[in-house]
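Structure record follows, encoded as structure tokens.
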Amino acid sequence: MSDVTKEDVLAVLSKVRGPDLEGDIVSRGMVSDVFISDNKVYFSITVPSERAQELEPLRIAAERSVKAMPGVKGALVTLTADRKAGSSPPPRPQPPSSAGQSHGHASGHSHPPQREKAGVPGVGAIIAVASGKGGVGKSTTAVNLALGLQANGLRVGILDADIYGPSVPRLLKISGRPQQIENRIIKPMENYGLKAMSMGFLVDEETAMIWRGPMVQSALMQMLREVAWGELDVLVVDMPPGTGDAQLTMAQQVPLAGAVIVSTPQDLALIDARKGIAMFRKVEVPLLGIIENMSYFLAPDTGKRYDIFGHGGARGEAERIGVPFLGEVPLTIDIRERSDAGTPVVVSDPQGATAEIYRQIAAKVWAELGGRAPRQTPAIVFE
Ligand SMILES: Nc1ncnc2c1ncn2[C@@H]1O[C@H](COP(=O)(O)OP(=O)(O)OP(=O)(O)O)[C@@H](O)[C@H]1O
């Protein structure tokens, strides 16, 4: 079968139009440069930032029509925010509202004292992975970060706090119900050496959908305290997307040692990332840093990188607000496919460059938590 060309892709895209947009997305100049590598197609669609959410169906429609083309092996389409002429930098963030709340630090040793919250016995540090908005790859990052920490010799668990849209069961390919071991205590599920708990193991999504605030809170506390986590160096909490009241309460109730913010490089996502940072500052949770996900395209065959999404936005943002920058994860079909197949790249391609990126990010997170060298797994001795 002949190779897919840019012209073929643009011809298909010129039939895609938004719900109330006049003309098609190609003639309106909304389609970025199109990259094709190994018959996988990558591009972005530029939309006004305030309409990004409502135009998600447009992204899906464009992705579908390209995927349906003969010879196309995959397509990855993202929405990017419309930069106004002159490409002005994003507005400066507001300083924290009161003195003594700044957690920016360079050394990793200047975390403010934590307000007293009961910890979880046996669990060393609980860290939150959060994003200001959905779809930036927070769950994929949380899972690969947890596996990266583990690959660095740590004992790790992951708690999926997204009650309404749990993704950990799928990302770790775990199904079934957890076993009850005593009274109210249940055993965490496990795959790839990672202990995991998610609402997805306990109730179906329709049931969770009708739950209200207090029920969600108590479900979360149960998953934290009534699960036999055992001895863990780190428990990674995959937070629900957004920065509303539910997230705020959660950040307040869980005894967090720190938070990691996942953002894409676009202005749009950075505005939301800033909200996430402000939220953790408000509840005095130290910010371990920002990860830029979908930072640049990495062509699978040539390994060539393409900075088409304004790569580096999160690094600049981290510098501006004095939060550590933890690293850049490229946008690759490989990450998406492995993640969606429940075989995260850190365990399914441990020798690959992407797995190395996650392990390095994990090492930085661990250093920010206190700078200790990764613990070697102790040998098990039978007396
Ligand atoms: N670096 C990446 N390269 C390619 N695809 C990615 C990358 N990171 C995430 N994805 C893909 O993007 C999609 C959204 O990712 P994910 O579910 O992790 O996002 P999320 O921010 O947790 O979303 P939500 O908050 O809506 O649950 C998934 O299909 C995932 O495989």
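Keep in mind that glycine also has a Cβ here, set from the backbone N, Cα and C atoms.
TrEMBL lists 6-76 with the feature domain 'MIP18 family-like'. Taken from TrEMBL, the feature region 'Disordered' covers 82-119. Per TrEMBL, the feature compositional bias 'Low complexity' maps to 97-111. Annotation comment: TrEMBL describes Gly132, Lys133, Gly134, Gly135, Val136, Gly137, Lys138, Ser139 as ATP binding site.
Same-chain neighbours of the ATP site beyond Gly132, Lys133, Gly134, Gly135, Val136, Gly137, Lys138, Ser139, judged by a C-beta within 8 angstroms of the site's C-beta center, are, in sequence order, Ser131, Pro241, Val262, Ala269. Under the DSSP three-state reduction, Lys133 (ATP binding site) is assigned to coil, being neither helix nor strand.
Among the binding-site residues Gly132, Lys133, Lys138, the residues whose Cβ lies under 6 Å from any atom of ligand 1 are, in sequence order, Lys138. Helix first, then strand, then coil: DSSP counts for the domain 'MIP18 family-like' (6-76) stand at 23 helix, 15 strand, 33 coil. When the binding-site residues Lys133, Lys138 are compared by the number of other C-beta atoms lying within 10 angstroms of their own C-beta, Lys133 comes out lowest. The local packing around Gly135 (ATP binding site), expressed as other Cβ atoms within 10 Å of its Cβ over all shown chains, amounts to 16. Under 8 Å, Cβ to Cβ, and six or more positions away along its own chain, Gly132 (ATP binding site) finds Pro241, Gly242, Thr243, Ile261, Ser263, Ala269, Ile271, Asp272, Ala273, Arg274, Lys275, Gly276.
Averaged across the domain 'MIP18 family-like' (6-76), the predicted model reaches a pLDDT of 84. Remark: of the binding-site residues Gly134, Gly137, the most isolated position is Gly134 (fewest other Cβ atoms within 10 Å of its Cβ).
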